[in-house]
């Protein structure tokens, strides 16, 4: 199995290793988009150059990374991020900073509860902050696509890889 930065299997496998409990995956499926949305709203207030926001710059960078991992889903993620940016630019989102911060905070609280209560382990961001933050929305998109029946072989491969990692971890603990 490839372990490179641009290896889809290893990137999704890294994330799945920390997110395999169904209740925690459900929590993440709700609150990763909440964090992405509210964080994007807050970062849209930060202008990098004239009217170009930090959200726009990060969206482009995320989209490029996602496309390099796997073009079809990368394009889908890019379109979703573009739509979010267009909504922000066109002032279709009418939240105060306090509301955005509240959603952002609630999202993170639920993330940590999910890990502590259901996974019973620390979150992935403790081991790799940037990888976790960048991959979280993409992983959730894959989880949604898997639920719809797309890419069954990739889903099975990731589940098989997870079983091997968990078995190795149990053997190390003995």
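All residue numbers here begin at 1 and follow the chain in the order shown.
Backbone N, Cα and C define each Cβ position, glycine as well.
Annotation source Swiss-Prot lists topological domain 'Cytoplasmic' at 1-23 (among others). When pLDDT values are averaged over the topological domain 'Cytoplasmic' (1-23), the model yields 87.
If you look up Swiss-Prot, you'll see 45-63 (among others) marked as topological domain 'Lumenal', on the strength of sequence analysis. Sequence-distant contacts of the topological domain 'Lumenal' (45-63) (same chain, at least 6 residues past either end, Cβ-Cβ under 8 Å): 74, 77-78, 81-82, 84-85, 88-89, 97, 134, 137-138.
The topological domain 'Cytoplasmic' feature in Swiss-Prot is assigned to 85-98 (among others); the stated evidence is sequence analysis. The list of residues near the topological domain 'Cytoplasmic' (85-98) in space but at least 6 beyond its ends in sequence, with Cβ under 8 angstroms from a Cβ of it, reads 38, 40-42, 44-45, 51, 53, 55-56, 59.
Within the same chain, residues 11, 14-15, 17-19, 111-112 sit at least 6 positions outside the topological domain 'Lumenal' (120-131) and bring their C-beta atoms closer than 8 Å to a C-beta of that stretch. The topological domain 'Lumenal' annotation in Swiss-Prot covers 120-131 (among others).
Residues or ranges marked as topological domain 'Cytoplasmic' in Swiss-Prot: 153-174 (among others). Long-range Cβ contacts of the topological domain 'Cytoplasmic' (153-174) within its own chain (Cβ-Cβ under 8 Å, at least 6 residues beyond either end) map to 1, 8-9, 12-13, 16-17, 20, 142, 146.
Packing against the transmembrane segment (24-44) from elsewhere in the chain are residues 53-56, 58-59, 84-85, 88, 93, 95, 97, 100-104, 106-108, 110-111, 113-115, 118-119, 136-137, 139-140, 143-144: each is 6 or more residues past its ends and has a CB under 8 Å from a CB in it. According to Swiss-Prot, the feature transmembrane segment maps to 24-44 (among others).
Among the features that Swiss-Prot reports, transmembrane segment is placed at 64-84 (among others). Listed as Cβ neighbours of the transmembrane segment (64-84) (distance under 8 Å, sequence separation of 6 or more from its ends, same chain) are residues 6-8, 11, 36-37, 40, 55, 134, 137-138, 141-142, 145.
Taken from Swiss-Prot, the feature transmembrane segment covers 99-119 (among others).
Here Swiss-Prot flags 132-152 (among others) as transmembrane segment, drawing on sequence analysis.
Sequence-remote contacts of a segment are chain residues at least 6 beyond its ends whose Cβ falls under 8 Å from one of its Cβ atoms, and for the topological domain 'Cytoplasmic' (1-23) they are 68-70, 114-115, 117-119, 121, 123-124, 128, 131-132, 135-136, 138-139, 142, 154, 157-159, 161-162, 165.
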